[in-house]
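Step one of this worksheet: look at the structure below.
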Amino acid sequence: MAAHQEKTTSEERKHKSTQNDTQTSQVQWGRAWEVDWFSLASILFLLMFAPLIVYYFVMSCDQYQCSLIDPLIDLLTGNKHLSDIWNKTPTLTYRAAAIYALWVTFQLFLYVFVPDFCHKFLPGYVGGVQEGAVTPAGVVNKYEINGLQAWIITHVLWFANAYYFHCFSPTIIFDNWIPLLWCANILGYAVSTFAMIKGYFFPTNAKDCKFTGNFFYDYMMGIEFNPRIGKWFDFKLFFNGRPGIVAWTLINLSYAAKQQELYGQVTNSMILVNVLQGIYVLDFFWNEAWYLKTIDICHDHFGWYLGWGDCVWLPYLYTLQGLYLVYHPVELRTANAIGILMLGLIGYYIFRMTNHQKDLFRRTNGNCKIWGKKPGYIECSYMSVDGTKYYSKLMTSGFWGWAHHFNYTGDLMGSLAYCLTCGFEHILPYFYIVYMTILLTHRCIRDEHRCFSKYGKDWKRYTAAVPYRLIPGIF
């Protein structure tokens, strides 16, 4: 957002007492201060069942050829007991632990010790040291944007090994998939627990911490806004982008290699999954600097929701289409393949152009053209903890004049395309579109709540000008 500062008088700095004495009546944005019963129930449900959901999906593929119903039928009819399923599940191995430790260490090395050089020779790419958005405490963090570089280096080494060095099989990820799941869980819980302890005893910025007094909520949603170690290691940016999203395309490549090994060919559906999801991943890293302005960085605190979610949920459930196609190879008719490709590309175009319009508007402070015209906007103001007043502009033109989050609409179109590559024999690969619909709808609602808390009556003016959230005329 285009923001500038204006100091308020001491009379305007009305502080509200809190556990950590950092909240002001003006500053309600970011994570919640208090926990209602519904939020607490939702969090307890996720803490208890999210790991089981991931295990159930992976186990269903490993033992039931990707059927989500057959395991339940076996259990309900007494054909199998939970112990039978568990005993057939591969356990943690030293090989998987070594692979995972090497992977995370390598990504950590690329993130912390290899400054970005891609921005020096790639036209239009924004990398290197970049500033994030203003935090509730009025802090502006700096980030080393080098995700694209890490992705390129990783994939160059992957293909060099596959075609020349042969140090390990390209199917290594699929072959160790469930043992790697236990490693990912260990890291997810370890980093989430460490982040909570750090928030209590040695926070990076105490004024950007929030405590509710409810252990489960604070563990799930996080205490610190931007936990860091040293100058450059930022927990949110690292775990949101690396190692999970860099791994996403490698996981799909491993699935394709396994399909080649098992059936002697790679189906057009597997190619589509690799291409469409590869575009999404590359887009993420090409626009990593823009990502600093998204809800994950600008509003969410770092807790189990992001820590465990990025280590386990993302790499294991976002790649279900490729996993399914290993067990059930689908060769699409040419017309169907072209239709799915077009749906995915149109969805990507909407997603990217919507974000591009917002980024252009922000970078130029509204002095630009959207669809050939000067954009309209609502000017808003908000305050940080120290009483500093900021101004922002919320665009009401282009795709942002159609809906508050039309970029999510494009994202959902792409998500549906991934799922359609798998045909209609099983429901497992369609989990992704169901989950993304729930997630993005919930994000719309969360974002509106936060924006209302942040901007007050100015947000009401914006929603009056742009009344729809996702689908113009409907929702």
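Note that Cβ sites are derived from N, Cα and C of the backbone, with glycine treated the same way.
Predicted automatically and left uncurated, TrEMBL annotations should be read as such.
Annotation comment: TrEMBL describes 1-14 as compositional bias 'Basic and acidic residues'.
According to TrEMBL, the feature region 'Disordered' maps to 1-23.
What TrEMBL records for 37-58 (among others) is transmembrane segment. Below 8 angstroms of C-beta separation, residues 68, 71, 89, 177-178, 181, 185, 214, 216-217, 219-221, 304-305, 308, 312-313, 316-317, 320, 323, 428, 431 of the same chain, each at least six residues beyond the ends of the transmembrane segment (37-58), sit close to that stretch.
Nonlocal intrachain contacts for the transmembrane segment (92-114), taken as residues 6+ away from its ends with a CB within less than 8 angstroms of a stretch CB, comprise 144, 146, 149-150, 153-154, 172, 176, 179-180, 182-184, 187, 232-233, 238, 242-243, 246-247. Marked as transmembrane segment by TrEMBL: 92-114 (among others).
Per TrEMBL, transmembrane segment is recorded for 148-165 (among others).
Below 8 angstroms of C-beta separation, residues 51, 54-55, 58-59, 62, 89-93, 95-97, 99-101, 104, 218-219, 222-224, 227, 235, 239, 302-304, 307-312, 315-316, 323 of the same chain, each at least six residues beyond the ends of the transmembrane segment (177-197), sit close to that stretch. Sequence annotations record features per position, and here TrEMBL assigns transmembrane segment to 177-197 (among others).
What TrEMBL records for 262-282 (among others) is transmembrane segment.
Remote same-chain residues near the transmembrane segment (302-327) are listed as 46-47, 50-51, 53-54, 57-58, 61, 65-66, 174, 177, 181, 184-185, 187-189, 191-192, 195-196, 218-227, 235-236, 239-240, 243-245, 247-248, 251-252, 255-256, 258-259, 262, 267, 269-270, 273-274, 277, 296, 418-419, 421-422, 426, 428-429, 431-432, 435 (criterion: CB distance under 8 Å, separation of at least six residues from the stretch ends). Annotation comment: TrEMBL describes 302-327 (among others) as transmembrane segment.
Annotation comment: TrEMBL describes 334-351 (among others) as transmembrane segment.
Annotation comment: TrEMBL describes 415-440 (among others) as transmembrane segment.
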| query | When you scan the chain for residues with a C-beta under 8 Å from the transmembrane segment (148-165), skipping those not six or more beyond its ends, what do you find? | reply | 106-107, 110-111, 114, 116-118, 122, 125, 127, 242, 246, 249-250, 253, 257, 281-282, 285-286, 288
